[in-house]
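Worksheet: one structure, shown below.
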Amino acid sequence: MSSSFSIVAAIILVTICVLGNSKAQLSSTFYTTTCPNVTSVVRGVVEQAQQNDIRIGAKLIQVHFHDCFVNGCDGSIMLDNADGIESEKDAVPNQSTDGYDVVDDIKTALENV
């Protein structure tokens with residue numbers, strides 16, 4: 001009985017230590033100094049895309065979901081196939097996902113700023 005308690009106590013202690021030291025936080029001002037126009041550039045590209053496809057907002061959320069759901073948000077769903085490697089973009093579970101072109105357009109627009 002006491003060994004079970006010790007194991008549970010150890011797990012709780014490790015969890016508290018790991019979670020307590022985590023300082024990674026999202027920030028809406030991350031690009032304020034390096035790319036101050038990022039918000040307006042992204043908004044402009046998405047608004048332009050929405051003129052052609054009213055569902056683009058939902059498609060971008062789906063891309064985000066498919067990238068983040070399993071192994072965290074690493075952008076791997078955006079990678080194209082390479083020799084001998086099938087990308088996540090073309091994997092069976094992601095074949096219904098659309099909106100990659102808009103993300104590419106956003107990237108291009110930001111690179112040209």
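From the backbone N, Cα and C atoms, a Cβ is placed for every residue, glycine too.
Remember, it's a predicted structure, so these values are computed and weren't measured experimentally.
Some features that TrEMBL has for this protein:
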type: ACT_SITE; residues: His66; note: active site, proton acceptor
type: BINDING; residues: Asp67, Val70, Gly72, Asp74, Ser76, Glu88; note: Ca(2+) binding site
type: DISULFID; residues: Cys68-Cys73; note: disulfide bond
type: SIGNAL; residues: 1-24; note: signal peptide
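When each of the binding-site residues Asp67, Asp74, Glu88 is scored by how many other Cβ atoms sit within 10 Å of its Cβ, Asp74 comes out lowest. Non-local neighbourhood of Cys73 (disulfide bond): His64, Asp67, each in the same chain, at least six residues away, with C-beta under 8 Å from its C-beta. If you compare Cα positions, Cys68 (disulfide bond) sits closest to Asp74 out of the binding-site residues Asp74, Ser76, Glu88. Of the listed recorded positions, namely His66, Cys68, Gly72, the sparsest CB environment within 10 A is found at Gly72. Rounded to a whole number, the distance between the Cα atoms of the residue listed as 'active site, proton acceptor' and Ser76 (Ca(2+) binding site) is 10 Å. Taking only the Cα positions, the spacing between Glu88 (Ca(2+) binding site) and the residue listed as 'active site, proton acceptor' is 9 angstrom. Annotated Ca(2+) site Asp67, Val70, Gly72, Asp74, Ser76, Glu88; additional same-chain residues within 8 Å of its Cβ mean position, judged by their own Cβ, are His66, Cys68, Asn71, Cys73, Gly75, Ile77.
Separation of the C-alpha atoms of Gly72 (Ca(2+) binding site) and the residue listed as 'active site, proton acceptor': 10 Å, rounded to the nearest whole number.
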